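Sequence annotations record features per position, and here Swiss-Prot assigns signal peptide to 1-18 based on sequence analysis. Here Swiss-Prot flags 25-30 as motif 'Vacuolar targeting signal', drawing on similarity to another entry. Marked as disulfide bond by Swiss-Prot: Cys76-Cys125.
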Amino acid sequence: MKCLFLVCLCLVPIVVFSSTFTSQNPINLPSDATPVLDVTGKELDSRLSYRIISTFWGALGGDVYLGKSPNSDAPCANGVFRYNSDVGPSGTPVRFIGSSSHFGQGIFENELLNIQFAISTSKLCVSYTIWKVGDYDASLGTMLLETGGTIGQADSSWFKIVKSSQLGYNLLYCPVTSTMSCPFSSDDQFCLKVGVVHQNGKRRLALVKDNPLDISFKQVQ
């Protein structure tokens with residue numbers, strides 16, 4: 001059964017509305033909103049595609065990619081994996097769709113967002129590009145990341161990018177019920193960390209209690 005979480009409550013009605021609301025300047029981002037940066041120090045742009053890469057090298061490295069889930073009856077590749085090393089294929093490009101996208105093209109730390117594999121695909125597989133968290137996998141004791149999500153869906157498709165305590169960034173899974181309630185909340189008590197588990201010899205992204213995946217972002221040229 002999929003885990004259920006309480007909705008995040010804000011102390012103000014809508015934190016994305018600035019106290020300086022005027023007819024000339026109706027909406028501002030929170031003053032403490034910090035842009036997410038790529039490996040070159042540039043701010044992420046929702047119009048561009050990126051590869052999610054590891055902050056480490058060798059056997060500790062490896063890009064994130066779209067692959068076929070073991071024992072899945074889905075008609076398209078629907079698993080979110082990480083290569084076993086940074087030596088080898090490049091990862092599958094993604095784009096980030098922020099819940100505050102009406103403010104511009106920037107992507108910010110602690111912002112609720114969707115993640116989509118930015119690839120050409122058939123009509124049949126279009127719905128298998130949006131990330132989500134799947135049902136509980138009893139054999140692995142956790143919930144695995146997969147595709148088949150929905151942009152704006154409040155249950156299984158919301159993530160956050162947060163600064164890592166080590167290097168780069170971490171991903172959090174944050175199933176809140178409304179993007180307008182807390183789109184920039186830094187209270188992550190309702191979020192779970194995204195890390196890696198081993199599934200049939202592959203590294204599969206999944207929800208973890210410890211050792212979250214440390215990642216960076218490299219723009220696809």
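The chain as shown is numbered from 1 upward.
Placement of Cβ uses the backbone N, Cα and C atoms for every residue, glycine included.
Spatially close to Cys125 (disulfide bond) yet at least six residues away along the chain are Pro75, Cys76, Ala77, judged by Cβ distances under 8 angstroms. Cys76 (disulfide bond) has a Cβ environment of 17 other Cβ atoms inside 10 Å.
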